[in-house]
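Lifted from TrEMBL, the feature list:
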DOMAIN    6-277  domain 'UvrD-like helicase ATP-binding'
BINDING   Ala27, Gly28, Ala29, Gly30, Ser31, Gly32, Lys33, Thr34  ATP binding site
DOMAIN    278-550  domain 'UvrD-like helicase C-terminal'
Amino acid sequence: MEKILEQLNPEQREAASHIDGPMLILAGAGSGKTKTITTRLAYLLSIGIDPANTLTLTFTNKAASEMRERALSMIDNPIYPPLLCTFHKFGLLFLKFNIEKLGRKNDFVVIDTDDKKRIIKNINKELPTSLVASEISRYKNSLVKPDEAIAQATQPNYKMIASIYRTYQDYLLENNLVDFDDLLMLTYDLLEQDSNLRKDISNRYQYIMVDEYQDTNELQLQLLKKLCDTHTNLCVVGDDDQSIYGWRGANIKNILEFSNMFDNTKVIKLESNYRSTKEILEAANLLIDHNRNRLGKRLVSTRGSGKPITLFQSSDENEESDKIARAIKELIDSGVSAGEIAVLYRINALSRSLEEGLNRAGIAYQMVGGVRFYERAEIKDAISYLRIIANSHDDFSFKRVINRPKRGIGKATIEKIEKAAYEKRLSIFQFLSETPKDELSKLLSKKAYASVIQLINDLETLQETLNRSTMDFIEILDNIIGLKEYYSSMPDGMERVLNLDEFYGLFRDTIKKNPQISLDEFLNEISLQSDQDQINGEQISIMSVHASKGLEFAHLFVIGMEEEFFPLLGDGCDIEEERRLGYVAMTRAKETLTLSTVQSRFHKGRRKHLEKSRFLTEAGLLKGSLVLEKSTNYKKGDLVKHKLFGMGRVLEVTRSGRNFKLKINFGGNHREILSSFVEKI
Ligand code: ATP
Ligand code: MG
């Protein structure tokens, strides 16, 4: 078991082998925090702690699966794997087993942000949907219930939002839906209400670990406290300088005050960075040093010097993306694998010009985030059919696909059906399948009646098919419903059909791997797919800085290094959070880092002249002009060649402003020349 700890440095080892009591591992980027808790998990299992007694929480599925793989590779396979997942996945599992205690059925469906917005839009069209959506999220994450929200609201707009919140929550309840925030809020509610359940769960999870702890919010903290009801074996790791979810309610105080909240906290600091070259680390440290509200940590490079940071300066976004595409091509041509390359941007809108440039150059890329696979219309339609089949109460999905493919059922008809179903306190599906045919035919037009009867028959056939066999179910579904046929006639039909094929393939694969999986389980799995899950090794990745959290790439580009874009300036801008985002971005790089800035950019319908980002200056990369050379390859005695003076030998190397100056002996003539004007031979 000592072997497991061998690959750690002394501080990491101390942390990984500390077993009982609260612990905070506080350290900068790339210092091995994730590696340390992964190793700690393996260590706990190796000394005989039951995997079922551990719980390791992270923020993305990708991070969770990487950690699981690494932890398990260090030890003999345990009888069953430890639970290592995102907060939301944990909530989902917990609710599957316990939501009935809240008087709800456990065949609930998890809705995504897009679904959430549609529901809100149906309730209210006056206030901007995304504002209402984020305010509802804020309420839930601060544990404010609809009634409290209504009582607290003073401003007219907030009164309206609070009442939308109530209607929205009622709608979810009626349709047995839960949103992402509910996964945590309902879990908390259950643990809060039921002290026996709380004790049980806390006794089950004796050893709890949390990665990226700096991004937890109030709800997550309160949830963790409930999970620690009977013990304080909570080990959290984080970096206050990487807290980037303030806008989503993450509370940096959770990390700053951890030791005050949990008595006898062991605090461990890690001070060696194993990820980035000295140049990259120095620039990132210089940048973050400009924040006042921070704990301040030491972080020294263990990797030594590499290449200087490169600054690309272009006149506009087209030149920028061409330059980046060219640089990426050179890397790939020189043998770098595409999976080691990423381009980051602060806001998603900047991806368009970048994508165009990559397309022009024929570079395959995958966008992490943006319009995600599961958010495409055709995929959501297929999912909606599956949801209706899994849960006949799901009116929301029913309404989405009742006229997709087109069945001649218009808006007025849908409203009529919905109203009649509501009066009988039935879901739409139940209403249509249970109401006597003559009654239905009176309610609907002839055409609509025929279509509805056909649809209900089809859905019932599919339910029966599913009970018989799951293997060819998805093909039968497409045959009966005809989604591929419907989408194939659209202008971008080919792509949509390919997407559907991919989704059907995924369904079959999942069943093959896990024949016991229920349709519910399948649906809930995919609703929790995070952005990072889409990364695979063969293409370069492009993504927002937020999506890059915890990841590392050998070669990294960051575009849009201009005032207004990075830092993003405007209402509610928090410059310190912007700087932390800058720090996160730069510290994803292992070998080379290229920062790119343009003189003007087309944005929101007009061309804008832009200033270079203050972060470039703060990181010591801009002193009036180009990059500060941090080191030089030249030393006394080197042979060099100059265009005019020919061959010579270096006598002395000195710094000259941001560059290095060489004193060179050209056949007896001594000259002082900037290092960039000669070539080494
Ligand atoms: P972030 O703050 O970005 O999440 P982190 O602190 O979690 O970073 P890790 O991702 O765990 O850092 O580690 C960064 C890199 O350093 C990884 O490639 C990891 O394998 C390597 N590393 C960590 N500790 C050591 C060590 N003791 N010896 C060698 N390599 C290490
Ligand atoms: Mg990490």
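Placement of Cβ uses the backbone N, Cα and C atoms for every residue, glycine included.
Overlay of TrEMBL annotations on the structure.
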residue : record           : Cβ within 10 Å
Ala27   : ATP binding site : 26
Gly28   : ATP binding site : 26
Ala29   : ATP binding site : 24
Gly30   : ATP binding site : 27
Ser31   : ATP binding site : 29
Gly32   : ATP binding site : 24
Lys33   : ATP binding site : 26
Thr34   : ATP binding site : 19
Output: those binding-site residues from Gly28, Ala29, Gly30, Ser31 whose CB lies less than 6 Å from an atom of ligand 1, in sequence order; none if no residue fits.
Ala29, Gly30, Ser31
Could you say whether, by DSSP, Lys33 (ATP binding site) belongs to a helix, a strand or a coil region?
helix
Look up Gly28 (ATP binding site) in the DSSP assignment and report helix, strand or coil.
coil
Ligand 2 is in the model; which of the binding-site residues Gly28, Gly30, Gly32, Lys33, Thr34 have a C-beta less than 6 angstroms from one of its atoms?
Lys33, Thr34
Neighbours of the ATP site Ala27, Gly28, Ala29, Gly30, Ser31, Gly32, Lys33, Thr34: Cβ within 8 Å of the Cβ centroid, same chain, sequence order.
Asp239, Leu270, Asn273, Tyr274, Arg275
